[in-house]
Amino acid sequence: MSIRNDNASGGYMQPDQSSNASMHKRDLRVEEEIKPLDDMDSKGAVAADGEVHLRKSFSLWSILGVGFGLTNSWFGISTSMVAGISSGGPMMIVYGIIIVALISICIGTSLGELSSAYPHAGGQFWWSLKLAPPKYKRFAAYMCGSFAYAGSVFTSASTTLSVATEVVGMYALTHPEFIPKRWHIFVCFELLHLFLMFFNCYGKSLPIISSSSLYISLLSFFTITITVLACSHGKFNDAKFVFATFNNETGWKNGGIAFIVGLINPAWSFSCLDCATHMAFEVEKPERVIPIAIMGTVAIGFVTSFCYVIAMFFSIQDLDAVLSSTTGAPILDIYNQALGNKSGAIFLGCLILFTSFGCVIACHTWQARLCWSFARDNGLPLSRLWSQVNPHTGVPLNAHLMSCAWITLIGLLYLASSTAFQSLITGCIAFLLLSYIIPVICLLAKKRNIAHGPFWLGKFGFFSNIVLLGWTVFSVVFFSFPPVLPVTKDNMNYVCVVIVGYTAYSILYWKYKGKKEFHALEESENEQAEYSNNFDTIEDSREFSVAASDVELENEHVPWGKK
């Protein structure tokens with residue numbers, strides 16, 4: 001890991017070798033007199049030009065709460081198990097988690113390096129702007145932002161749909177005569193979406209909700225895992241069932257294809273690792289905090305999801321009953337078998353439900369920031385409307401509501417196909433990976449020769465970039481395969497149509513409108529300093545810029561993470 005001093009925009013300050021002790025004291029006094037944005041009376045911070053900015057109200061733990069609250073791997077495994085357990089059984093999910101976690105380390109490393117070099121709420125589309133050749137930088141940034149925003153909307157839709165499936169499944173478990181239909185889940189989806197969208201309408205509560213989501217998720221994980229193991233009374237499956245038994249119920253004659261298609265379950269559970277990068281304007285020292293949050297999300301996700309599935313699969317009493325269940329939520333059937341009572345299974349299901357609320361709220365936080373940041377550069381129709389931060393609530397409210405409107409419409413896909421959930425999951429994974437590879441390709445084209453930030457892993461970073469590119473191609477191709485055979489109009493995976501259609505729309509919008517309106521100009525040094533250093537006026541940032549190099553010089557040899 002390379003450790004160097006970095007400025008707010010990801011480059012390096014050249015220290016003034018002629019600085020003396022009195023200069024240091026004067027500069028430190030200037031720094032101490034700066035008024036943080038958190039102390040301002042307004043809900044959002046008001047710059048010298050009158051524009052309302054986001055407040056720096058997030059800490060490392062609340063950023064990690066947003067990151068893990070969204071990725072939430074053990075929860076993702078639970079709610080999307082229906083998309084994976086029939087493609088290989090427990091064995092596929094266990095080994096799938098290991099495979100995807102290793103790949104996620106590489107994805108997290110790639111994103112962490114870029115977020116450390118260029119901390120910005122735009123995330124990958126901002127990195128594309130900084131790294132792409134001048135001739136193509138605007139188009140690269142636009143396509144990257146367009147893919148990223150689409151991925152965030154599909155993530156929110158798929159997460160909300162998984163929660164709706166869980167709720168309907170809980171009712172079906174206690175009412176054996178009830179047969180869930182698609183319209184039941186659709187109605188539940190829309191009601192849950194309407195309820196949960198209000199939590200992102202007021203910014204002051206978001207850090208509290210984010211931190212709480214982390215603790216609620218971990219508490220639910222421990223409670224469910226311990227309860228299931230304890231109530232199994234030692235009646236566990238043998239290791240061969242968990243680690244070496246392959247069950248293919250997909251109709252694919254090739255077991256390898258079935259396994260690969262089933263990887264969508266753990267892949268979805270480790271997606272959205274860029275979430276924390278879009279909070280860069282709302283946290284101190286984002287060049288350090290964001291990479292920690294990303295890698296922490298992967299680490300916590302692997303430990304919780306792996307331990308969770310091991311406990312669940314050793315406790316299954318009848319796999320065939322789980323696969324043939326009509327609840328639509330296999331994890332509830334596993335709880336019911338382990339506890340031997342539906343009331344206990346419903347209680348554990350409620351813990352998943354509480355965890356899911358934090359996950360969906362984190363989804364909304366993330367997608368709103370992406371939409372807002374992209375709209376600031378005129379990347380969307382009516383960008384002026386979506387790029388505003390509401391001065392009363394302190395959040396990009398218009399961007400949030402517009403994104404929620406799209407989720408409402410995407411929910412209609414579930415009425416068209418019985419495998420729409422699989423399509424939404426694939427859309428989430430594919431669009432996000434496509435947005436990641438654009439800046440990574442630009443980084444590799446520069447031979448990784450950039451003014452990097454404090455998080456930089458050298459050769460392993462290069463290896464991670466290559467893995468990310470290969471995984472993207474693999475995922476977009478294989479996760480677009482039909483989940484079951486024979487294929488009909490009702491079970492077809494329509495995500496390939498969605499990806500091609502949306503890409504065509506983005507290119508056409510760029511050609512006829514975006515090319516003229518999408519400015520994507522780099523922010524001035526003053527504006528970036530205002531965000532990164534938590535100043536309330538541009539004048540303060542100018543004063544601090546004189547002091548910064550000397551103050552940073554004192555810490556030149558302090559290891560990363562200890563400054």
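The backbone N, Cα and C atoms fix where each Cβ goes, and this holds for glycine too.
The structure displayed is predicted, hence computed values, not measured ones.
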Check: Leu173 and Lys513 same membrane side, Swiss-Prot record: no
Remote residues contacting the topological domain 'Extracellular' (418-426) - C-beta distance under 8 A, at least 6 residues beyond either end: 80, 82-83, 154, 157-158, 161-162, 165, 182, 264, 268, 410, 479-480, 482-484, 490-495, 498
DSSP residue counts for the topological domain 'Extracellular' (109-182), split into helix, strand and coil: 56 helix, 0 strand, 18 coil
DSSP-derived helix, strand and coil totals, residue by residue, for the topological domain 'Extracellular' (227-255): 11 helix, 2 strand, 16 coil
Averaged pLDDT, computed only over the residues in the topological domain 'Cytoplasmic' (364-398): 87
